[in-house]
């Protein structure tokens, strides 16, 4: 199979990369009706599979789970997940031929095998659904021409898909139809009904493409969403402990600090996050973030280039063929880092203290979001896609670190995201350790500036504020957050 994106000419590539339109709520007036009375069969019952299925059932759809016979016979976790929640469970051979929509929610590395197995069993004119387009775009899966191929990609982990639905809300969702597979012209009707059944239409849906979803998703998760948080956690912890800060305090400041700092980002963008700092601290964070952007821009651009060219996906698929040797080795190394093993502490840290003593963390967030956004948009990805795959998802990933450190983040994200995270962090960590961290002190990470006066130069502060507020990510962010008026707040510090 050939990489689908690389078979397109330049005009087609740019057209697909630039697809992203915020859909009006009126476009979902019929909600999930198009799929009512039809059979939805989900393959895979992990976090996305189970939680999307629960939402779809609660929205009035007929949902069942098709699992491999071995998973049923051995009563594996996927079987238990489905059975304990009262779903019909059967083998591929039993359920797939009945399905009007087969939703493939297995891990990326299983997609080729799963699709090649279920496709001969699917009835004429049925639909095949994905929540990530890697198999179609990067592996170039050829799908039977009578089948409609759609994507509904919630922009958060599966557990959040369920929790937001139960609140009567949803999570922002990208939807797409594969242009090579829409024989009856019903792809958008199916995708919209599926998205509405998960609750996504209540938070906002973006009409996208398989290409735009894959390329932006890979870039976001490798850099700011996971790689930057991992590298930042490791080097900031090392710095604080080396400078005599209590390891328990240092670890807690980072573990819960990312979540607290990005919570401000969620509600008011980079502008509001920076406004949570005192004026002297804001100027310091701005200066640090400018240094970080200069240092790390080549690394961000390399990741974007490797994603666009297909080099990243071919490298990762080679590791799949080698039994995930690199992935598993890097996972073990992460578990051995000092931050992952810091001693627990009862020390209390107030919400504002996370900002005051985490100035460098704020700088890393600003630098990382802006660099990821800039690399994506410079490559033809439209602002809306770049926003969702950088700034918007960051608080959701930071929340996983607050639960169980980097381990939890890497468990919750996909293996594809985890592999890309390590690729980035393995370069970013020594880069920061050698080229940046020696020049910073505990005034920006661990202790705070301790200023007795809030006095700053007026012209400097005005210039800093102007630069922060006039970045393109702030303009599109303000527009898109306007559609998400019911975002929930976190409980600070776990």
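Every residue gets a Cβ built from N, Cα and C, even glycine.
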Of the candidates 182, 189, 217, which does Swiss-Prot annotate as part of the Mg(2+) 2 site that also includes 389, 393?
217
Could you check the recorded positions 68, 109, 132 and say which one's CB has the most other CB atoms within 10 Å?
132
Three states by DSSP: which one describes residue 393 (Mg(2+) 2 binding site)?
coil
Filter the recorded positions 132, 158, 389, 414 down to the ones within 10 angstroms of residue 217 (Mg(2+) 1 binding site), Cα to Cα, kept in sequence order.
132, 389
Roughly how many Å lie between the Cα atoms of residue 414 (substrate binding site) and residue 221 (Mg(2+) 1 binding site), rounded to a whole value?
10
Closest of the recorded positions to residue 109 (NADP(+) binding site), Cα to Cα, picking from 132, 221, 389, 393?
132
How many of the residues that make up the domain 'KARI C-terminal knotted 1' (209-344) does DSSP mark as helix, as strand and as coil?
117 helix, 0 strand, 19 coil
What's the CA to CA span in angstrom from residue 221 (Mg(2+) 1 binding site) over to residue 389 (Mg(2+) 2 binding site)?
7
